[in-house]
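According to Swiss-Prot, the protein has these features:
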BINDING   CYS49, CYS52, CYS57, CYS73  [4Fe-4S] cluster 1 binding site
BINDING   CYS114, CYS117, CYS120, CYS154  [4Fe-4S] cluster 2 binding site
BINDING   CYS124, CYS144, CYS147, CYS150  [4Fe-4S] cluster 3 binding site
DOMAIN    32-90  domain '4Fe-4S'
DOMAIN    105-134  domain '4Fe-4S ferredoxin-type 1'
DOMAIN    136-164  domain '4Fe-4S ferredoxin-type 2'
REGION    1-26  region 'Hydrophobic'
Amino acid sequence: MSTMLIAVILLTLLALFFGVLLGFAALKFKVEGNPIVDELEAILPQTQCGQCGYPGCRPYAEAIANGDKVNKCPPGGTATMEKLASLMGVEPEPLNAEAQSQVKKVAYIREDECIGCTKCIQACPVDAIIGAGKLMHTVLTADCTGCDLCVEPCPVDCIDMVPVTQNLKNWNWRLNAIPVTLIQETPHEEKRG
């Protein structure tokens, strides 16, 4: 046998041995995550805004699993809070006074003043701001959670938080609240003549 063939076979056997060893170690020393934290995190809106007092949704989910209150997520609103309370088996509470706002606000960039520095784009946790370097930026209001993280880094102070005015596009129609009654059809008797 040639030296080259022996080297290839030896390296293949060595790679196979270490592959099996790593596979065994991965199964033997597997670290399980907390499934409750994963479920809580799936319920949270994933805005990573920090309005709850934690640096993101995962740390807040871990805090809830450790006994923290479920009413600290403003972007999620009452619906998210009720789902969290149901999962944790606690009574739903009103949203935290600091978290509760009567009118939803979104970021608004005064485009004529924007210098295109991209600092607001980098600060936005939900990618609701579009634009490019040295060009005007704008906010996708449908995606904006109102977390206010884009206002601080703006060097020219051209970002305002404005209330969302309700119109036909964003009105909460609550179609599931309309009462629906099922009417049973009764067979008609044939007319006799």
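Cβ from N, Cα, C; glycine included.
Shown on the structure are the features that Swiss-Prot records.
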{"residue": "CYS49", "record": "[4Fe-4S] cluster 1 binding site", "Cβ neighbours (10 Å)": "22"}
{"residue": "CYS52", "record": "[4Fe-4S] cluster 1 binding site", "Cβ neighbours (10 Å)": "25"}
{"residue": "CYS57", "record": "[4Fe-4S] cluster 1 binding site", "Cβ neighbours (10 Å)": "24"}
{"residue": "CYS73", "record": "[4Fe-4S] cluster 1 binding site", "Cβ neighbours (10 Å)": "25"}
{"residue": "CYS117", "record": "[4Fe-4S] cluster 2 binding site", "Cβ neighbours (10 Å)": "16"}
{"residue": "CYS120", "record": "[4Fe-4S] cluster 2 binding site", "Cβ neighbours (10 Å)": "24"}
{"residue": "CYS124", "record": "[4Fe-4S] cluster 3 binding site", "Cβ neighbours (10 Å)": "25"}
{"residue": "CYS144", "record": "[4Fe-4S] cluster 3 binding site", "Cβ neighbours (10 Å)": "22"}
{"residue": "CYS147", "record": "[4Fe-4S] cluster 3 binding site", "Cβ neighbours (10 Å)": "23"}
{"residue": "CYS154", "record": "[4Fe-4S] cluster 2 binding site", "Cβ neighbours (10 Å)": "20"}
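All chains included, 18 other C-beta atoms sit within 10 angstroms of the C-beta of CYS114 ([4Fe-4S] cluster 2 binding site).
For CYS124 ([4Fe-4S] cluster 3 binding site), the binding-site residues whose C-alpha atoms fall inside a 10 Å radius of its own C-alpha are CYS49, out of CYS49, CYS57, CYS73, CYS154. Sequence-distant neighbours of CYS150 ([4Fe-4S] cluster 3 binding site) (same chain, 6+ apart, CB under 8 A from its CB) are ALA107, CYS120, ALA123, CYS124, ILE129, ILE159.
Checked against CYS144 ([4Fe-4S] cluster 3 binding site), the binding-site residues CYS49, CYS57, CYS73, CYS114, CYS154 differ in C-alpha distance, with CYS49 being the nearest. In terms of DSSP secondary structure, the domain '4Fe-4S ferredoxin-type 1' (105-134) contains 5 helix, 7 strand, 18 coil. When Cα-Cα distances from CYS52 ([4Fe-4S] cluster 1 binding site) are compared across the binding-site residues CYS114, CYS117, CYS147, CYS154, the shortest belongs to CYS147. Nearest in space to CYS49 ([4Fe-4S] cluster 1 binding site), taking C-alpha to C-alpha distance over the binding-site residues CYS117, CYS147, CYS154, is CYS147.
Rounded to a whole number, the C-alpha distance linking CYS154 ([4Fe-4S] cluster 2 binding site) with CYS73 ([4Fe-4S] cluster 1 binding site) is 25 angstrom. Here the region 'Hydrophobic' (1-26) has, by DSSP, the following mix of helix, strand and coil residues: 24 helix, 0 strand, 2 coil. Sequence-ordered, the extra residues of this chain that approach the [4Fe-4S] cluster 3 site, with Cβ no more than 8 Å from the Cβ center of CYS124, CYS144, CYS147, CYS150, are CYS49, ALA107, CYS120, ALA123, PRO125, VAL126, ALA128, ILE129, VAL139, THR145, GLY146, ASP148, LEU149. In sequence order, LEU44, PRO45, THR47, GLN48, GLY50, GLN51, TYR54, GLY56, TYR60, LYS72, PRO74, PRO75, GLY76 are the residues of the same chain, not among CYS49, CYS52, CYS57, CYS73, whose CB sits within 8 A of the CB centroid for the [4Fe-4S] cluster 1 site. Here the Cα atom of CYS147 ([4Fe-4S] cluster 3 binding site) is found 11 Å from that of CYS73 ([4Fe-4S] cluster 1 binding site). Across the fold, the C-alpha of CYS114 ([4Fe-4S] cluster 2 binding site) and the C-alpha of CYS73 ([4Fe-4S] cluster 1 binding site) stand 30 Å from each other.
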